[in-house]
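Per TrEMBL, transmembrane segment is recorded for 9-29, 76-95, 164-184, 204-225, 231-248, 260-277, 289-309, 321-341.
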Amino acid sequence: MMKFTKQNLFVLVGGMIIYVVDIGVDFWVASRYFCQGQYSWSILILCFRGLSSTITQIFSYEWFKNDWEGTDTGKLKLVFLVHLFHCGIFIRYWFALKYSCQAAFKQKSSGGASEADPSNLIQKQAIDAVTDINMLRVFKTFLETTPQLFLQIYILMEHGKTHFFQYAAIIMSFCGISLSMVDYQISLRKSLPDKDEFRVLSKFIYLFYKLLTITSWILSISLITLLSVRISVILMIFLWICGFTWTLKQHTTFCKSKKMEYLYRTVVGIILIFSFFNIKARRTKACISIYYATHAVVTLGILFVYMFWKPSITKEICFTIVSILTISSLVLGIIFLVVYYSHLHPTTYCRPQACSDEVDGVSGQRERVKTGRFQKFLMQ
């Protein structure tokens, strides 16, 4: 097991600050649009926020219920109330900060000791607590942050008028996506067996791959939305159906209940609209190639549609700039993707023993090994 360091603690605190600031910026931007009479934009922003918060609260509470199975029901009732008021993430941050401080400052991990060793147990508790937060932040990123980034870019392209709060929302969206992507991969490396440490170069290559491909796709969707909102909505629904169908065929087993599993698959379908999401610990070279090849074809198709359908718009300088940004982001993003998967991506997902619910113990006895959530929740 990798060690939880002081640097990881500072990143956790930074993530918590950005999370709180992001909430404030969302309500500020929504209020500004409302004051300007742009009620539809204000409602959309609040809907993204409400949907994201509701789904993350549901998953957070279910995870608490699964982890605390057989414990005091009074504690679970209190946790349910906190989640009902959409504050469950702050309980998770409290536990994460508690365990992280102990792991980073008080405990000295002994590398060869077993998981039952107190120092290693604290390390595991800290990593598990942060991992849960990062999984929830991945949900938030694609249910709220990415759609809001698309909305702000579309508004800028549609109306041309810019305000400070719009730039603030776009900057916060990019910060949220960046931090979520990198923190996720850090937790992935720390939580799963046989994962190499996520080094600085790997972080930047992975970050650029994700940011550039997501940016290119958001610009493409914005262009087609400018052309026709109806076509854009139909495209998004079609992409979600494709993603949801793919998750069904993967027979995912992330949740204990069937209802939660279908909710999880629904969320994964939404994530797949914007970025590739690996929901099984398998090699995904073919799937990821098809995914981004499709993105490239659709992006080029959108630009060709503009050339033949709206030739007058293609002569505008704004369209030229957006087109160049869209193509260059896609090309650079795919280059970073190839570099990351060719040289920096760990090829071993987990040891056979680590992936099993049971392992052989001493003298032929069976020792139960708790399977972490991350072994069934993988994004590459």
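Cβ atoms are placed via backbone N, Cα and C, with glycine included.
No contact links the transmembrane segment (204-225) to the transmembrane segment (76-95), because fewer than 3 Cβ pairs that are 6 or more residues apart lie under 8 A. Here the transmembrane segment (231-248) has Cβ contacts under 8 Å with residues 221, 224-225, 265-266, 268-273, 279 of the same chain, all six or more residues outside its ends. Through the fold, the transmembrane segment (289-309) approaches residues 213, 216-217, 220, 223-224, 227, 272, 276, 319, 323, 326-327, 330, 334, 337 of its own chain, all at least 6 residues removed from its boundaries and within a Cβ separation under 8 Å. Under 8 Å from some Cβ of the transmembrane segment (164-184) lie the Cβ atoms of residues 11, 14-15, 18, 21-22, 25-26, 28-29, 32, 130, 134-135, 137-138, 140-141, 145-146, 148-149, 152-153, 155-156, 203, 206-207, 210-211, 214, 379, all in the same chain and six or more residues away from its ends.
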